[in-house]
Structures are given as C-alpha cells and as structure tokens.
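As recorded in Swiss-Prot, the features of this protein are as follows:
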ACT_SITE  SER175  active site, nucleophile
ACT_SITE  ASP234  active site
ACT_SITE  HIS294  active site
DISULFID  CYS61-CYS310  disulfide bond
CARBOHYD  ASN108  N-linked glycosylation site
CARBOHYD  ASN194  N-linked glycosylation site
CARBOHYD  ASN258  N-linked glycosylation site
SIGNAL    1-29  signal peptide
Amino acid sequence: MMFADDLVRMAVLRFITVALAAITNVANAVPTDATKRQDSNLPFPLAHFTNTVASVQNTYCGPTANTPGVKFGDQTLLHAIGDGDTVQRTNIYHSESLGIIVASQGTNLSSIVSQSHNIQAIPIIPDARLGLPFGSMVFAGWQNAWSKGWTDVSAALADTIKQFPNDQIIVTGHSQGAAISLLTALAIQNQFGNVSTIREIIAYGPPRVGTPAFADAFDTIFPGKYTGVVNGDDWVPSLPSQPIYRHPSGMVWINPANSTSWKYYPGQENPDGPDSRVIQMFYPGTLQFNWGDHQGIYMHSSMGTTQGPCPAQVGGF
C-alpha cells in the first residue's frame, strides 16, 4: 500500500516538474524589446512614440516617399491625402504592432496657403462634424486646414477600417498637423465611434487648438487617451495665448531637447511642465524665428519640416 502511494506521489511530482519547465520555456520566449516596455515617465509605451514620430515625419517628404505601398519599420502607407500645399497632407498607415495610424503634416514653409492657416487666429464655432458641445470654440486656421482634407480622409479611413476591422486607431501630427490631429480625432470619434476605437492621440509640438470649453470637452471625450509632446524650448506649444486658448490634459516634456530625459505632466496647463519656461521666439537681437527645438529628436526618431529623414526612419537617433 505504501509502495502504491509512493508511485502516485512520484507521478504527481513528475507532472508538476514538467509543467513548470513548460511554463518557463514559454516565459523565456516572450520578447523583451526595451521599446515595448512601459516607461513610467510616459503615458503610453515608448514604441508608440518612436513609431508615430516616423509616421508624421514621412508627411513632410515629397510625393515619391508618400506613394501608397511605401514601408518603414512595420508600417505600410495605405493612403496619402492632400498635396502638402493647398491641402495639408494626411497619411493613413497600417502598423503590424500599432494598428491604424492617421498622421497629419505640419506647416509647409514653402506654401503660402499652409502658412496662412497659422495666422487665422480668431476663435470660431466648431464644425458640426467635430461633435463638440455648445460653448466650445476652435482656432479658425486649424479648422480651415482640417476641413479641406476631411472628406477625403474620412473616405480613405472608412476603407481602412473595413480592411482592418479589429484594429484600433492612433491619431498623430506635428505642429499645425498636431492641431489638425486633435480635430481629426474628434471627427473620427463622431463619425466612426460605433465601428472603431481611437487608442491614442499623440500631438508633437502642438499649438493650442481651442478655448477652455474645448479643452474640457476633449478631455471628456478622450479621457486618458491624449498627450502632447514638447521638445525642449519649443515655443509653438505656448501659442496661441491663454486665457483664450487652452491645451487639453496631458503633456510630455523632453527636457533638455532631443534627449532621453522626458516626463509626463498630467492635467491642463500643468505649471510644472512646459508652461514653466520663458519662451524665446526669436534669435537674440533679431526678428528671425528660432525654430530650433520645434524640429529634432523625439523618442529616438527624427522629425521636422527641413531636418527629418526622407523617407522616414523609425528609431536610430
């Protein structure tokens, strides 16, 4: 009887040993890429930033780099909307790791039309397609830039959602494109909210887009899904001025510029974040704009209307 009990115990012990070995092998097979780990100083995984910086950078490149089928990293360009001149370029990508990415181009410094959006500074009633509540107001130039492309963007996005129905959407942009990205996110939520989900909105070097009522409404619609990113002493996110305009909640500050020293500041206009800087729009003793930190290295990828690589490159900086 004791011999039989010993056999049972040995069999159980053998089963447990084999099971533990199998579990260990599975655990060891899990990728340990550092970019996929959550950085406690960022609201989203680092890889989401590194990849979407490249998504945006490619919108600054010429027509050849913005032909559907172009690939970089694990992203494939599906749709390129707008000519980057009279209509700000918006690209729609599919990423194997992140899903659908919608990225908007910043100001084209060689385009009078593109630059004109930056000075249409009157707050106006938002377009009904944004789905904002009464009392919200938005910067006229950003809404004008968004509106010119939205019909074509929404049609292309509808096709993309049909092609990848289980994928979520990340919306992103830089500078003027960052402002457009907030409006694009609202329009996507309003038009496609019943068939798709916005995962994140990441706005690089974002100017303020709307009034405090706009910022509050945006926070309500996208709780915990948004962050702006400010590089060093970039002054663009400090405009247009408060109290008429206000950022939604959440801002990452890369400080010093182009470094791996960054921190997330929750809430609207956190006084410990980029709002604590004294901005310098011009080079000392001149009226020449200092665009320095507006372009540069964001989370290991390079981006800027004149400085970034073409075609875009994911990481490596």
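The first residue you see is number 1, and the count goes up from there.
Here the Cβ of each residue, glycine as well, is placed from N, Cα and C on the backbone.
Counting other Cβ atoms within 10 Å of each Cβ, the lowest count among the glycosylation sites ASN194, ASN258 belongs to ASN194. Proximity to ASP234 (active site), defined by a C-alpha to C-alpha distance within 10 angstroms, is shown by the following recorded positions from CYS61, ASN108, ASN194, ASN258, HIS294, CYS310: HIS294. If you measure from the Cα atom of ASN258 (N-linked glycosylation site) to that of HIS294 (active site), you get 10 Å.
A 10 Å cutoff on Cβ-Cβ distances gives HIS294 (active site) a total of 26 other Cβ atoms nearby, all chains included. Comparing C-alpha positions, HIS294 (active site) sits nearest to SER175 among the recorded positions CYS61, ASN108, SER175, ASN194, CYS310. Listed recorded positions: ASN108, SER175; maximum Cβ neighbour count within 10 Å falls on SER175.
You'll find the Cα of the residue listed as 'active site, nucleophile' roughly 10 Å from the Cα of ASN108 (N-linked glycosylation site). Residue density at CYS61 (disulfide bond): 19 other Cβ atoms are found within 10 A of its Cβ, drawing on all protein chains shown.
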